[in-house]
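Colleague: Take a look at this one; I'll ask things after.
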Amino acid sequence: MEHHGVNKEQYLAWKKLIPYLYDWFANHNLTWPSLSCRWGPVLDESPLSRRQQLYLSEQTDGSVPNKLLVVTAEVARPRVAAAEHITGWTEHAKSPHISHPSAVIYHPGEVNRLRELPSHPHLVATHTDSPLVFLWDVASQPRRSSAEPAGAGPPPPSLPDLTLSGHAADAPFALAASSAAPRLASGGKDAQVLVWDLGGAACLRGAGGPGADPGAASSAPPALAPTLRLLGSTDTVEDVAWLPGSDALLASVGDDRSLRGWDCRAGGAAYVVAAAHSAHDIHALDWSGGRPELVATGAADGSVRVWDVRRLSAGAPLLHLAHHAAAAACLEWSPAAAGALASGGEDGLLCLWDVEASGQAGAGEHQDAKRPRSAVPPQLVFQHAGHRSPVVDFQWNPADPWTLLSVSDDVGEQSGGGTLQLWRVSDLITRPEEEVLAELEYHRSAVLGVDGGKAVARTLGLLPDASPVYDAVWGLAMPMATALVLMEADMTRLFRAARDTLLAFLVASAATMLATLLAFALWQRCMGPHGASLASALCASYIGGSINFAATAAALQIPTGPALGAAMAADNVAMAGYIAALMAVPVPRRGRSLEVGAAGGPGLHGSSVLGDGTGPADVDVRHPGPASTPLSAASSLALAATAQLGLQLGITLLAATALRLPRRETLVAANAAVGGPGTAAAMAAARGWHDLVEPGVLAGTLGYAVGTAAGIAVSGVLRRGAALLA
């Protein structure tokens, strides 16, 4: 396979977004590449996870045997995994969610393709570089070691439970199993499609395989001739697919560039679409179970086409989807969501499509959705960019909707080997928009804040410091809302439009640092022995967010205890007054604001993602923060924090006026610096400044990047000043 480099900047950007895009994710480094992967049966389930078998191939360089491996994966249930659990991995490490192999089969030749029999999931068929197809009963095969065996010569390969013969040339890839009956279909370089009926095979009757000793010279697996030969293709058959639920209808594609439908009852072709992808070879094929009239094909040019088999007379596809920058190597329809299609490419991307988007497939019209690759086709729901090399195989989990297993061949990378990934898309992406908005509306008061009394109530212990609502808002709704706002934006246009807001943010950040110095000089004796460090942590929080508060507190070695808790409680109380003050600052009336959104497309309003903002936000949306400290400690720090923010607001407004920065942009930027991107977007939406929603989010996100450094820098100044005063 030709190696196509993956955009490393794109990969790094994807990695930062994992907590926002995925409900669960696991990355597992493979010592040797795996060219094929499949889900096996579920072994057991618990309230938090399920254990499920995986079938993997292992392609070696010949120094050790090629293998078929059976491993066990622990798959977290939806909305269980915390963000830190799906981000704490490295590319070259093994995942704790993947077990050591429980079964190892030494395969005769490399495994190019493997497919399980849905009616007998312990039976796995494999393709290699030979005319034969092998059938393995992974439950009864003799156990062999996954380590390189000791001894002088190479170990003998395992003996398959059944050998399927009939091809006149190598059959390396095209392989499919019917879900309706124990039937296998295969295509090869002999341009034939062969079908075997396995109903009478001994391994299906539980009679066992050829024997337990793979080294016995007399052992020989039974062979089975094909039940049916389907002729008509003129070049290598690259892929075959059964209609789900049928043992009679299947389709094939190949290097003759045709799409062919076959009826096994008639023993011949039911339809032929010549040049289905013009002059390009066709690599991949799948038939939809949820929409049985739809067949998808993927070609060497990266295009994916969807065909309505009832309307092939015109020779035109129902949809033409262009997004992959290299060959589309594999396709599969979702077994759970009708109209959901996945495509894996040699560009390292795995794309999830909704062919029913905009009603195009449901309308039954032959429409061409092709767009420039710089644009996003309307049917593209999700783009998994976690593989740094070509995606060679994947599968939807039949037991867990929107959970997938994918592998890439990393031989072109410096580390070599391969990468196995298991992942589930966040349901905020896959669920209907009205459901997502209803859930966010349920948490709207927590996202936007309600009134200052609630922040004080948490400080006094009248409201809980932690609750499932907090977890849903801070761990799910707010990060997702921020990511959606920025992902939907035209960044070039946004940076131009946000110029004044970003300048005002820099002014507000500098004002925070200066206000911290002044407030500490006034309130030093009331802030305790860790006053300089606490003031610096608050400074970091009022430029970035709670993550900057925590990072600065850790860097300055503030001990966990009443002082730190009091500072977090003071943060909440001071924030309430500050944002209320921002909402009260008058602004000269201007013309009607522009709606926010990508140029030429529907806008994504801050109000639609974060709520409609009917009142001032008054809590720090970056963290609900524990506030269970004594009121005396909290009140002293609350007064100091209030003075700090009061000075900051005054300095910001004076400096912005001197620099002739617009008042609207100044207020949003001040909110972004002190309250974070969530409150900035909420205030912009609440005051009708919809064109400042995205600039506010951008400025607040910038604060996360610089807040910790600013807090530590201020700490150095405060400590030197305190030493001089002492």
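Quick reminder: no glycine exception, Cβ is built from N, Cα and C everywhere.
Under the heading domain 'Histone-binding protein RBBP4-like N-terminal', TrEMBL lists 9-73. Taken from TrEMBL, the feature region 'Disordered' covers 144-165. The repeat 'WD' annotation in TrEMBL covers 230-272, 294-310, 321-363. TrEMBL lists 472-489, 501-523, 535-556, 563-585, 637-659, 666-685, 697-718 with the feature transmembrane segment.
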Colleague: Please give the average pLDDT for the repeat 'WD' (230-272) in this predicted model.
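Modeller: When the pLDDT values over the repeat 'WD' (230-272) are averaged, the result is 96.
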Colleague: Which stretch from 563-585, 637-659, 697-718 shares the most C-beta pairs under 8 Å with the transmembrane segment (501-523)?
Modeller: 637-659
Colleague: Count, for each of 535-556, 563-585, 697-718, the Cβ pairs lying under 8 Å from the transmembrane segment (637-659), and report the range with the highest count.
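Modeller: The stretch with the most contacts is 563-585.
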Colleague: What is the three-state DSSP composition of the repeat 'WD' (321-363), stated as helix, strand and coil residue counts?
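Modeller: Final tally across the stretch: 7 helix, 19 strand, 17 coil.
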Colleague: For the domain 'Histone-binding protein RBBP4-like N-terminal' (9-73), DSSP counts of helix, strand and coil?
Modeller: 12 helix, 35 strand, 18 coil
